[in-house]
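A.B. asks: Have a look at the structure that comes next, please.
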Ligand code: ADP
């Protein structure tokens, strides 16, 4: 707890974009104004702080954005912010406007930057988990995950139709560089036979054995969902081995790619973004500084940024068991 008074808040989106970031920005801006605070938008992540691309926001600045994907503040990765000189310039740009509190909407990388910055320059920072990957501990939801996973489900359902018409095996790659949540959720929801994720070692031999067994049973429609960061390789790599071992199988690859980042945020993402944005400002006002605002068991949950950057959300073993049993 800190008794330092925050009067001017900066808000930025950083790292990978995710649907619902706009709803979070809107909540931060409107809650700040409600409390009589000044609020400033920082453009292109930490770059805007370093390069002084900062502007004052009013209630109308966030009109008509709750339903829009992407982020009106733009997002970027900032090389300069890794260096002390860059962060010092960023601090000077905040200081000359009197900005004395920051809300950073992004992933764990962005929280790392915020943590460093808050320690060096004593500016309280609040992190909001904005990532489609859902790989952050201390929260059941991250802004954008629900939308991304629903986009993946919709696409995989469509692929299943054509897979069924042609008796094909489809190997579908979804996003997730270090985390398998999109793969796991979308795979279970679409009845995939196998879900390959970076958190578990892929036993390709047993995947092949199971496909061969299904082939004998004349189960010809098979979906394999692979997270892009799976340690065995992406969908192309899996397809290469399948074609080698099962030359009679008509195996196709589909990489869903960036469609998973875009689109109008789902109801859940708008809701959690609004709640988190509201609570971010409340945290700055009540002295609960340098925390990530999350939601656990439908209650707000605050994780010190120090812990938020260290811990990853764990894959539930029971879910892996469900995948196996339901695909048999
Ligand atoms: P994400 O927030 O989606 O995980 P990144 O890992 O790319 O994305 O981080 C976003 C930005 O946060 C980086 O481009 C950099 O500007 C800043 N950042 C990340 N780690 C650090 C760090 N250790 N020190 C300073 N800035 C950092």
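From the backbone N, Cα and C atoms, a Cβ is placed for every residue, glycine too.
Because the structure is a prediction, the values reported are computed rather than measured.
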A.B. asks: Where TrEMBL shows 77, 78, 107, 108, 109, 110 binding ATP, which of 16, 20, 176 is named for the same site?
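C.D. replies: Checking 16, 20, 176 against TrEMBL: the ATP site match is 16.
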A.B. asks: Fill in the CA-CA distance, residue 221 (ADP binding site) to residue 77 (ATP binding site), as an integer in Å.
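C.D. replies: Given the Cα positions, residue 221 (ADP binding site) is 41 Å from residue 77 (ATP binding site).
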A.B. asks: Which residue among the binding-site residues 26, 30 has the fewest other Cβ atoms within 10 Å of its Cβ, if you could check?
C.D. replies: 30
A.B. asks: Nearest by CA distance to residue 26 (ADP binding site): which of the binding-site residues is it, out of 77, 78, 107, 109?
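C.D. replies: Nearest in space to residue 26 (ADP binding site), counting only the binding-site residues, is 107.
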A.B. asks: How many neighbouring Cβ atoms, not counting its own, are there within 10 Å of the Cβ of residue 221 (ADP binding site)?
C.D. replies: 17
